[in-house]
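This report refers to the structure that appears directly beneath it.
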C-alpha cells in the first residue's frame, strides 16, 4: 500500500477584497483567522489588499472570504520574495535596477479566480451601452390636479 502525503507548503496568498468600513475589515480578518492552516492575516484598507500567510489552500481561502459577503479576487501581481528587500530609493518595496515598481521583465498574469465574475455580470463593459431610463410615473396620480380645481365642488380649498 503506497501512501502519498499531499504536503502543502507555506505560502502567501494575496487577494483584492472590496471592503468599505472597519466592520468589513474585522469580519474578513476574523473569518480568515479561524481557518485551519492560516498563520497570519494582514489587511491594507488603502489598497483593499488582504495578505494571508500559512498552509491553507488558496481556493478555500477565497471561498471563506466570499462567504463573508465581500467580493474577492486574487491580487494581479502575486507575492514574489525575489523582488522584495534590498535598499533602493523606493524603500525596498519592489527593487528593480531601473527604479520602477513591480517586476519589469514579467507580464502581469491574468488573475485566476474560482468564481467567474464575467459570467455573472461583474467587471464587464457589456452593460455600458445600457442607459437607465427613469420611470415616468410619479407619486401623484393623474387625478391629483382635479382635487384642487375651482371647478370641482368637492375639491379641497387651501387658504
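Backbone N, Cα and C define each Cβ position, glycine as well.
As annotated by Swiss-Prot, metal cation binding site applies to 21, 24, with the evidence given as sequence analysis. For the recorded site, residue 24 (metal cation binding site), the DSSP three-state label reads helix.
Break the domain 'HMA' (10-73) down by DSSP state and the numbers are 22 helix, 22 strand, 20 coil. Sequence annotations record features per position, and here Swiss-Prot assigns domain 'HMA' to 10-73 based on sequence analysis.
Under the heading S-farnesyl cysteine, Swiss-Prot lists 156, citing similarity to another entry as support.
According to Swiss-Prot, the cysteine methyl ester annotation covers 156.
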Completion exercise
Out of 21, 24, the listed binding-site residues, fewest other Cβ atoms within 10 Å surround the Cβ of 21
Problem - Per-residue pLDDT averaged over the domain 'HMA' (10-73), given as an integer - result: 91
